[in-house]
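As written in TrEMBL, here are the features:
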BINDING   53, 88, 122  [4Fe-4S] cluster 1 binding site
BINDING   198, 202, 205  [4Fe-4S] cluster 2 binding site
DOMAIN    44-161  domain 'MTTase N-terminal'
DOMAIN    184-414  domain 'Radical SAM core'
DOMAIN    413-480  domain 'TRAM'
Ligand code: 5AD
Ligand code: SF4
């Protein structure tokens, strides 16, 4: 359902139901944007900055869809009439970045009286953050969280009417509002939310507190969205959830993630399916079988390890052991020998000893990950780990981090070349900025390849011969 906001009757009552209510407010704000653009003699502009994970990127596409629907024009610079930061709080660094940039926004706002600044996303779900912004960053216009991004037009309207800061943060929700616009960054690929929130409560992680309880969308709504995307020219989708392997367990009629994948596999026109993220504790044999039998599900799995020490994994509340993780990798590789496995690893969790750390290195050596995101443990207030004794000194963490990174890089440069001298299916994604006449694309394994090609190929899946492995990427030649 897409509604033409120019046709909405603004004389009647404000609709109570969603998404009708939001379309009503979009029409209201659109009137304001139109009037003000005419007065200014130029279009009103917006700029979004997205921090953090793929979930936030997808949320930003929805926010941008609303802003475009009301008549704002997107720009890359923060010298815009509406600047929106979609924040992350998974590590302390992410928060510091936002505070730093708010100072810059304040000086821009002094030059442009029309400018409005909005903050949303995970960081805004933390009470102390919102208090700090209310006190020390009075120039911010709108603050909202992760549960009510669909309300952007309504909040914007409130701000225009009230002419003071609007704050709307929800502790949680069981509502999933469908059928609002979204502005996809790529015309040919898209994220699709299949679930929201997380119930795992890994002891270091703030996500369950800021994204709320796990909620799955109905398979019918998801498949309808995917069909719509495919009809619109999308060839690759990424199914998104904090833990896709527990998808559907709490639905009235429970459905497994593997079953959802099989349904997505049937969608005509769609050529590739990815998903993110898998929790090792819930990865089923059924899923491995479904992946193996599918031509569309990509040969890549992101399987966060976090630590290789069973003792630390227990303290992290991950609910698997080192041995179980290694067995799972074996099972996946037996079924799909060509699969690429990537991971996340945290260094310096409270109480991590040198022996624990060596266990992590041991898993890295045994699994030989295609790539690994390595993180320094960041203490997040409100999580159980923040209260644990024996926080690790910075210099010890730094030393371990460097050793881990160099091992991970060495292995991935060896592993990533395994498809060299073969022809692979590649989704051409963008013009290569560094090499004239070249395009950049992705293999099923998610590795990138640069090859000579015409921009008209972007969005198409083409055959590319991989001439040379450069460690983390390939140089290739287009095959006719
Ligand atoms: N400190 C460091 N890394 C963290 N992650 C989550 N919480 C923290 C934390 N407090 C990492 C995990 C997760 C990834 C998205 O971020 O590795 O998989
Ligand atoms: Fe955080 Fe664990 Fe949930 Fe991932 S599974 S979002 S690490 S609590």
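We number each residue from 1, going along the chain as drawn.
Backbone N, Cα and C atoms are what each Cβ position is placed from, and that goes for glycine too.
Whatever TrEMBL says is automated annotation, not expert-curated.
Shown on the structure are the features that TrEMBL records.
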residue	record	contacts (Cβ under 8 Å, 6+ apart)
53	[4Fe-4S] cluster 1 binding site	88, 90
122	[4Fe-4S] cluster 1 binding site	52, 56, 87, 88, 89, 90, 145, 146, 206, 207, 210, 211
198	[4Fe-4S] cluster 2 binding site	205, 207, 208, 211, 214, 242, 243
202	[4Fe-4S] cluster 2 binding site	306, 316, 317, 318
Taking the centre of the Cβ atoms of 53, 88, 122 as the [4Fe-4S] cluster 1 site, the remaining residues of that chain with Cβ inside 8 Å are 51, 52, 55, 56, 87, 89, 90, 94, 121, 123, 207, 210
Other C-beta atoms within 10 angstroms of the C-beta of residue 88 ([4Fe-4S] cluster 1 binding site) total 23
Using DSSP, how many residues in the domain 'TRAM' (413-480) fall into helix, strand and coil?
-> 10 helix, 35 strand, 23 coil
198, 202, 205 excluded, remaining Cβ within 8 Å of their centroid ([4Fe-4S] cluster 2) | 200, 201, 204, 206, 207, 208, 242
Where residue 88 ([4Fe-4S] cluster 1 binding site) sits in the secondary structure, as DSSP reduces it to three classes = coil
Please check each of the binding-site residues 53, 88, 122, 205 and report the ones with a CB atom less than 6 Å from an atom of ligand 2, ordered along the sequence.
-> 205
Please go through the binding-site residues 88, 122, 202, 205 one by one and keep those whose C-beta falls under 6 A from any atom of ligand 1; give the result in sequence order.
-> 205
In this predicted model, the domain 'MTTase N-terminal' (44-161) has a mean pLDDT of 95
For residue 53 ([4Fe-4S] cluster 1 binding site), which DSSP three-state class applies?
-> coil
Within 10 Å of the Cβ of residue 205 ([4Fe-4S] cluster 2 binding site), how many other Cβ atoms are there?
-> 21
For residue 122 ([4Fe-4S] cluster 1 binding site), the three-state class that DSSP assigns | helix
For the domain 'MTTase N-terminal' (44-161), the number of residues DSSP places in helix, strand and coil = 63 helix, 23 strand, 32 coil
